[in-house]
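Reproduced below are the annotations present in Swiss-Prot:
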BINDING   Gly10, Ala11, Gly12, Lys13, Gly14, Thr15, Arg127, Thr136, Tyr137, Gln199  ATP binding site
REGION    30-59  region 'NMP'
BINDING   Thr31, Arg36, Asp57, Leu58, Val59, Gly85, Phe86, Pro87, Arg88, Gln92, Arg160, Arg171  AMP binding site
REGION    126-163  region 'LID'
BINDING   Cys130, Cys133, Cys150, Cys153  Zn(2+) binding site
Amino acid sequence: MNLVLMGLPGAGKGTQAEKIVAAYGIPHISTGDMFRAAMKEGTPLGLQAKQYMDRGDLVPDEVTIGIVRERLSKDDCQNGFLLDGFPRTVAQAEALETMLADIGRKLDYVIHIDVRQDVLMERLTGRRICRNCGATYHLIFHPPAKPGVCDKCGGELYQRADDNEATVANRLEVNMKQMKPLVDFYEQKGYLRNINGEQDMEKVFADIRELLGGLAR
């Protein structure tokens, strides 16, 4: 079961990744984790990636693909994998397809957790944090008993600067522009499966299970 998981910030991708990994026993492979592991192991590609990252540069695709290849060749990926955060571009998607063919594998599905922008805005701008004790709330999913007041210590709740509407809208726009060509690419290839991410998280996972045939471990 070889999967790629896609979704904009706030779509609930992390939650669904955890559920897929628990149900199917395949490793959750994120770009950040891959880079950190390769650098820790001191592999030639890991050391190359570290040089770029230490300079604040983007890691070139050929290095990233090499690290992905090394990761997918490990024993825990023999029954499948869940790629998250990679590929990010059509060039990376094409390179991934070539690399998988080289090792005799191919993708089964690209799962796209689809949520409208207005719903994402609501989710991402709803976070509130207590100035006093740091407790986290959400205006929709975990509201305080009294608006603007922390349940735990009575402190004032505030919205972080990076959670305000202008910042969130810009982040979503950047991500949407980056992701749309990738969605189109995988749709043309026949791998893409859209899952309605506006439902309850258990219903979202039920839809994913149905797509994957409900074959839990």
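Just so you know, glycine gets a Cβ as well, placed from its N, Cα and C.
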C-alpha of Arg88 (AMP binding site) to C-alpha of Cys150 (Zn(2+) binding site): distance in Å?
39
What Cα-Cα separation, expressed in whole Å, is found between Gly12 (ATP binding site) and Phe86 (AMP binding site)?
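Phe86 (AMP binding site) has its Cα 17 Å from the Cα of Gly12 (ATP binding site).
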Does Thr31 (AMP binding site) have same-chain partners at least 6 apart in sequence with Cβ under 8 Å from its own Cβ, and which are they?
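Non-local contacts for Thr31 (AMP binding site): Thr64, Asp84, Gly85, Phe86, Arg88.
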Rank the binding-site residues Gly12, Gly14 by how many other Cβ atoms lie within 10 Å of each Cβ and give me the one with the fewest.
Gly14
Find the average pLDDT over the region 'NMP' (30-59) in the predicted model and report it.
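The predicted confidence over the region 'NMP' (30-59), as a mean pLDDT, is 90.
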What whole-number distance in angstrom separates the two most remote CA atoms of the ATP-binding residues Gly10, Ala11, Gly12, Lys13, Gly14, Thr15, Arg127, Thr136, Tyr137, Gln199?
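Across Gly10, Ala11, Gly12, Lys13, Gly14, Thr15, Arg127, Thr136, Tyr137, Gln199, the widest Cα separation comes out at 23 Å.
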Of Val59, Cys153, Arg160, which binding-site residues are close to Arg127 (ATP binding site), meaning a Cα within 10 Å of its Cα?
Arg160
With every protein chain in view, what's the tally of Cβ atoms within 10 Å of the Cβ of Val59 (AMP binding site), excluding that atom itself?
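A 10 Å sphere around the Cβ of Val59 (AMP binding site) contains 17 other Cβ atoms.
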Distance check, please: Cα of Gly14 (ATP binding site) against Cα of Cys153 (Zn(2+) binding site), rounded to an integer number of angstrom.
30
Could you check what DSSP calls Arg127 (ATP binding site) once collapsed to helix, strand or coil?
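Going by the DSSP assignment, Arg127 (ATP binding site) falls within a strand, counted as strand.
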Between Cys133 (Zn(2+) binding site) and Arg160 (AMP binding site), how far is it from one CA atom to the other, in Å?
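For Cys133 (Zn(2+) binding site) versus Arg160 (AMP binding site), the Cα atoms are 15 Å apart.
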What three-state class does DSSP give Gly10 (ATP binding site)?
coil
Between Tyr137 (ATP binding site) and Cys130 (Zn(2+) binding site), how many Å separate their Cα atoms?
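Approximately 8 Å lies between the Cα of Tyr137 (ATP binding site) and that of Cys130 (Zn(2+) binding site).
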Whole-number Å distance between the CA of Val59 (AMP binding site) and the CA of Cys153 (Zn(2+) binding site)?
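The Cα atom of Val59 (AMP binding site) is 45 Å away from the Cα atom of Cys153 (Zn(2+) binding site).
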